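Peer 1: Once you've had a glance at the structure underneath, I'll fire off some questions.
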Amino acid sequence: MARAACLLRAISRALLLPLPLLLLLLLLLPPQLMARARPPENHRHRPVKRVPQLLPAALPNSLPSVPASHWVPGPASSSRPLRCGVPDPPDVLNARNRQKRFVLSGGRWEKTDLTYRILRFPWQLVREQVRQTVAEALRVWSEVTPLTFTEVHEGRADIMIDFTRYWHGDNLPFDGPGGILAHAFFPKTHREGDVHFDYDETWTIGDKGTDLLQVAAHEFGHVLGLQHTTAAKALMSPFYTFRYPLSLSPDDRRGIQHLYGRPQLTPTSPTPTLSSQAGTDTNEIALQEPEVPPEVCETSFDAVSTIRGELFFFKAGFVWRLRSGQLQPGYPALASRHWQGLPSPVDAAFEDAQGQIWFFQGAQYWVYDGEKPVLGPAPLSKLGLQGSPVHAALVWGPEKNKIYFFRGGDYWRFHPRTQRVDNPVPRRTTDWRGVPSEIDAAFQDAEGYAYFLRGHLYWKFDPVKVKVLESFPRPIGPDFFDCAEPANTFR
């Protein structure tokens, strides 16, 4: 009480108020102001929830282009494993997704010969060291695929490599030493092929700092179209671990070969030749020169099919790929680049309503789910067909529920549900008014017109009038591949 009285007298002197008047004012104050603040009962012992902080790349629609990866190391003393900082795709952490571990980004390069350019270099390493390390990191991928990588020193390259700092033009700033090490962008994105390394990291060759080889090889995997994987010891694992020597895991290899196929074997020594002496046994093998695709303006085609909305022309083991009427870069290419184990040449091809792709050769057929083989070789007799091969296959109708097989002057209707032709006795192609009696290939366009190819010519069939349009046949080369118009054009 004595202490309170002293305090009141001090306040009274400070405010120049008589003590009785000060006591009166205190009695008139509301009781809420005189009570000590205390938390509500239901919050007193409740722990504070901490909201996790998401990386910018984890926020949907927050950036113009989502990068393929950020390598994020923790402090050396931390027990948390070092990892790539971009959130993993949901399937990567799905416990049910065990058989196929590798995850694709949804994009891939449409050619196999890629160029790269290094714009700026880290200060810790001489330029030649960086060039050798980048080449070695790319070689990890080229050794198991048909991909090749060539360094260029000016202009725009397919893969642009840069060592940069903080804000550098892609809304994904670096953060100085530690933290984010690098990021890369997938194919078919706004910044496809860009690979950025944080200039402020301690870049080294080996485990005495941040190993450039390990990080570069991982980022190049993203640039080629691979996402993260949960497979143990995979280079594309989101967790950063120094490994020596650097190599791909079986999961990495399966993923990249799913996108680009296996490497093409070429002789590395002078080509051996067979002995010219008749009857002489020899174990020398005469290796053929690498095949070259036929001249598109001068060839006929073995098969044509609309696959995933794009037009594929097949000839002698090669394929031409047209999207919106334009031949895509990197084509013609070997058909085995997309469909491993596919025989050459194919006689016919079509895509059914479920997206499965059927190929025919001789008395057998194969079925692929995208680029994954699911059936074959299987005999044509399984489909109710006997005798000689199918020459052409046509998917007709908006729902892809009408499939026709052509052979010579005959045709059959095939039912995907029963996996059989409706009648083993064929009908005559004269039912298709104006179509030649024998055809090489057939397909349907997005507007419902059917096309029949024979030799260098094609016929366009009207589904409403049920006959070939006037002014046909037309030459294939000028209309599909911008070849010069022949002098004897059919009009």
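Placement of Cβ uses the backbone N, Cα and C atoms for every residue, glycine included.
What Swiss-Prot records for Glu219 is active site, and it gives sequence analysis as the kind of evidence. Residues or ranges marked as Zn(2+) 2 binding site in Swiss-Prot: Cys84, His218, His222, His228. If you look up Swiss-Prot, you'll see Asp175, Gly176, Gly178, Ile180 marked as Ca(2+) binding site. Feature annotation from Swiss-Prot assigns compositional bias 'Low complexity' to 263-277. Look at Swiss-Prot and you will find 260-279 tagged as region 'Disordered'. What Swiss-Prot lists as repeat 'Hemopexin 1' is 298-342. The repeat 'Hemopexin 2' feature in Swiss-Prot is assigned to 343-385. The repeat 'Hemopexin 3' annotation in Swiss-Prot covers 387-435. Residues annotated as repeat 'Hemopexin 4' in Swiss-Prot: 436-483. Residues or ranges marked as motif 'Cysteine switch' by Swiss-Prot on the basis of similarity to another entry: 82-89. Positions annotated as signal peptide by Swiss-Prot, on the basis of sequence analysis: 1-35.
Where in this structure would I find these features, and how exposed are they?
Peer 2: Reduced to three states, the DSSP call for Glu219 (active site) is helix.
DSSP assigns Gly178 (Ca(2+) binding site) to coil, not to a helix or a strand.
Residues 109-113, 146, 257, 260-262, 264, 291, 348-351, 355, 357, 359-360, 366, 368, 371, 373, 376, 392-393, 395, 440-446, 451, 453-456, 476-477, 480-481 of the same chain, all 6+ positions outside the repeat 'Hemopexin 1' (298-342), place their C-beta atoms under 8 angstroms from a C-beta of that stretch.
Packing against the repeat 'Hemopexin 2' (343-385) from elsewhere in the chain are residues 258, 302-308, 312, 314-317, 335-336, 391-395, 399-401, 403, 405-406, 412, 414, 416, 419-421, 424, 441, 443: each is 6 or more residues past its ends and has a CB under 8 Å from a CB in it.
Mean pLDDT of the predicted structure over the motif 'Cysteine switch' (82-89): 48.
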Peer 1: What is the interatomic distance between the Cα atoms of His218 (Zn(2+) 2 binding site) and Gly178 (Ca(2+) binding site), given in whole Å?
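Peer 2: Checking the Cα atoms of His218 (Zn(2+) 2 binding site) and Gly178 (Ca(2+) binding site) gives a distance of 18 Å.
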Peer 1: Going by C-alpha positions, which of the recorded positions (Glu219, His222, His228) is nearest Gly178 (Ca(2+) binding site)?
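Peer 2: Among Glu219, His222, His228, Glu219.
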Peer 1: For the recorded Ca(2+) site, whose residues are Asp175, Gly176, Gly178, Ile180, find every other residue on that chain with a C-beta no more than 8 angstroms from the centre of their C-beta atoms, and list them by sequence position.
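Peer 2: Surrounding the site, in chain order, are Phe174, Pro177, Gly179, Leu181, Asp198, Asp200, Glu201.
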Peer 1: Near Gly176 (Ca(2+) binding site), meaning Cα within 10 Å, which of Glu219, His222, His228 (recorded positions)?
Peer 2: none
Peer 1: Could you count the residues of the repeat 'Hemopexin 3' (387-435) that DSSP puts in helix, in strand and in coil?
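Peer 2: So the counts come to 3 helix, 22 strand, 24 coil.
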Peer 1: May I ask for the distance between Asp175 (Ca(2+) binding site) and Glu219 (active site), taken between their Cα atoms and rounded to an integer number of Å?
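Peer 2: If we compare the Cα positions of Asp175 (Ca(2+) binding site) and Glu219 (active site), the gap is 18 Å.
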Peer 1: Could you tell me how many residues in the repeat 'Hemopexin 1' (298-342) are helical, how many are strand and how many are coil under DSSP?
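Peer 2: For that range the per-state counts are 4 helix, 21 strand, 20 coil.
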Peer 1: Note down the number of other Cβ atoms within 10 Å of the Cβ of His222 (Zn(2+) 2 binding site), including every protein chain shown.
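Peer 2: The answer is 24.
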